[in-house]
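Colleague: This is the structure I want to talk about, given as structure tokens.
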């Protein structure tokens, strides 16, 4: 009986882990407080800083399947843990 109970606990933990989804910040401001749950296949949080004109910066944050590319004068940081793209 104890073996059956232990087996059920292990199976439950494994099944719950398969349903894990990443949570990333998602807003265009420097100081962000909005979160989004990433879709299936999106395993990366990113923060992209675009320099549009001198002294004009644009922040982009969100989820992605792969780390986004950059243009000259852009910076991108990618990570893979919850809310890591601050």
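Cβ coordinates are placed from backbone N, Cα and C, and glycine is handled just like the others.
OK, Swiss-Prot features for this one:
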DISULFID  24-45  disulfide bond
DISULFID  27-32  disulfide bond
DISULFID  38-63  disulfide bond
DISULFID  67-78  disulfide bond
DISULFID  79-84  disulfide bond
SIGNAL    1-21  signal peptide
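Give me the structural setting of these features: burial, nearby parts and distances.
Modeller: Annotation for residue 24 (disulfide bond): same-chain Cβ neighbours under 8 Å, separated by at least 6 residues, are 35, 36, 38, 45, 46, 61, 62, 63, 82, 83, 84, 85.
Taking the Cβ of residue 32 (disulfide bond) as centre and 10 Å as the limit, one finds 17 other Cβ atoms among all the protein chains shown.
Around the Cβ of residue 63 (disulfide bond), 21 further Cβ atoms fall within 10 Å across all displayed protein chains.
DSSP gives residue 67 (disulfide bond) a coil state; it is part of no helix or strand.
Summarising the environment of residue 84 (disulfide bond), the number of other Cβ atoms within 10 Å of its Cβ, over all protein chains shown, is 17.
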Colleague: What is the separation, in Å, between the Cα atoms of residue 32 (disulfide bond) and residue 79 (disulfide bond)?
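Modeller: Rounded to the nearest whole number, the Cα-Cα distance is 16 Å.
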Colleague: Across all the protein chains here, work out how many other Cβ atoms are within 10 Å of the Cβ of residue 27 (disulfide bond).
Modeller: 15
